[in-house]
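One structure is given here, and the rest of the page talks about it.
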Amino acid sequence: MIPELIKENLFLEDGRALSIETGELARKANGSAVVRMGNTSLLATVVISKESKEDFKFIPLTIDYREKYSAGGKIPGGYIKREGRPYDEEILTMRLVDRLLRPLFKDNYYNEIQIMISLLSYDINVLPDGLAGLVASTAVSISEISFQGPVSTVRIIRINDAFIINPGIEEIKKSDFYLDLDLDLDLIVGGTNNYIILVEGEMREISEIEMMEAIVKAHKYIQLQIEAQISLITKNKKFIKKKLYKIELYNYYYKYINFNLNVFYIKEKIKFISYEEIDYIYKSCLFKQKRSNKIYNILKKIKFHFYNESIVINNLEIDIIFDEIKKEIIKNILFKENIRLDGRSLDDIRNICSQVDCLPGVHGSAIFTRGETQALSTVTLGSSLDVNKIDNAIMRAKQRFYLHYNFPPFSTGEIKLLKGVSRREIGHGNLAQRALKNIIPTTYTIRVVSDVLESNGSSSMATVCASTLALMDSGIIVKRPVSGISMGLIMNYLTGEAIILSDLLGDEDYIGDMDFKITGTEYGMTACQMDIKISGITYDVLSYTIFKAKKGLLFIIKKMLTTLSCPRKSLNITATKIYTFYIPKKLIGAVIGSGGKRIQEIQVSTETNIKIKEKNYLGVIEILGKNETKLKIAILKIKNITFVPKVGTIYKAKVKNIKKFGVFVKISKYLEGLLHIYEISWLTKVESFIRKGDIISVKYLGKNNKFRKIKLSHKMIFSRYYLNKNLK
């Protein structure tokens, strides 16, 4: 059967074209689509299982995103020449697409859904992650699955106050090398035609108004892409009425319930047994662990009750109904009494305490505790040898700052099998890293590790606060302290009411409809990530949340500064000191010496580590050492080697040898020249007034290109009368 290509085109303001295609590739999938922009091409497929999975409490959705090395014209490095496990950038894109699509599936979907996105071709002028949401939405929209889409994403950056949609890696890189290019925003926005679903990115202390301006700008392009998807769907002659791949929860109950009892009876029965007790527990302002234990005991009692009454209902069904009742009770307390589970009002921040220098053996450390969430961050300083090298299908780069986030199971009082770094840990670590990367200097390679020791919500934001304090404790001169806060949205679906919560608890996140993580300094935002469970939020809700977060951020910063008001004046005594300076490229060989002997001698004698590299026609010298005195000696030695005299400048020179035709003098340790007899004085005798070891003044006249020697003069410093009088 000959493939039938169906295609839709649209154009950006700058004239670039974007196309959406279906019908030609991957026809065995329930839905497939290709998006092309420039030479960047992405293929997305969606496959739905024929049988439902009845043991899930959530939508069994799996997103897989892979960037093939062939897309960028590369072969994988290493011994195995094929793509392996996904790298961090791929995992971050998987999480991004998941957050975009998951809210738009029905809650009672129990058929497995697998969406696979592949980068087939890569163009340096178009980054693929901004198109991943578009191609995935198109594939799902033309499949049989019931989906409240279409949706789309765009990447938007701002350089010199000008917005660019779906930029390339070169545009972002240029801002790092050219001072006149100021990239202060890099954002991915996702949404439906009327609402925003996804906001994620980093900023350089921009205002809340500028943030909303970028979101509104991006949403206009999202709407264009949604129109293109709708047009593509209507062109698809084979597009059939969507089938609802799901298992109706209530119908499922009927199969297991005797005596013609229905699910409403069961729900009312569970309410009768537990409602007042649960309500009392949630109003008692208990600690999370104690509250969870009491709730768990109630659940066990309910299961035991149904078992004794011989009502055939499985534990999963009880769990789902019990969760619904818990959510209903918590929402009632919030909306009717404006009191939260820990007794706070809607705007209150939990109690904060912090400490620094808690681990004396590391370069910098801090513990940040907010309520029942606690993070321990450590800072390790290194050199350019310790950079995090990124070499994947589309990018080759070096990170001088990187942050690793660990979320061990004991932080929530659980036992779990440790299987390496989870996707969640990678995502939270990346968010904290983006929050801090633009406020630290680039002299050092900096590795921050954050271990969550206790968690009851907002652990990634606690990581940002702890890491800021740890950086300040290490002596790194941060531009300004950064704090983080999680903002929540709770909707009442019956009345349409909505409330915004500051500093989310874990249970509030679980029952809520939005978790909006925002980080920033007193001057503006540095990073954000929005995760919602509903089909979108309006500009008004988004704007109100962002402006409300500012108040919380400033409060947290004020609390942090009571622990450490400014960065330490010097690096920790255990930290390696680094000194970086530039030399002319042609003098690199002089520093290294014959066979590397000179640089090795300096390193051994001063107990330092010296790294030399070329950059922009200069030699970059990086000297590392723990002893400040020896480090200064190494610096002095290299500066002596690379000493370049200035024409017309007078220097003190030491006489090394005397000849009839002049004297050999040294104006630095490694720079020697001949002071000819005719340049010594207006007299003809030398020995009568100059001896070996004398220190005399000489004027540097430049180089003798013929003999490749330096030219020096003594007599040009003074007048003839002065010399005759003083040198006789």
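Glycine residues also receive a Cβ, built from the backbone N, Cα and C atoms like all the rest.
Positions annotated as Mg(2+) binding site by Swiss-Prot: Asp509, Asp515. Less than 8 angstroms from the CB of Asp515 (Mg(2+) binding site) sit Ser486, Met487, Gly488, Leu504, Asp509, Met530, Asp531, Ile532, each of them six or more residues away in the same chain.
On the 0 to 100 pLDDT scale, the domain 'KH' (576-638) averages 87 in the predicted structure. The domain 'KH' annotation in Swiss-Prot covers 576-638.
The domain 'S1 motif' annotation in Swiss-Prot covers 648-715.
Across the domain 'KH' (576-638), DSSP assigns 32 helix, 23 strand, 8 coil.
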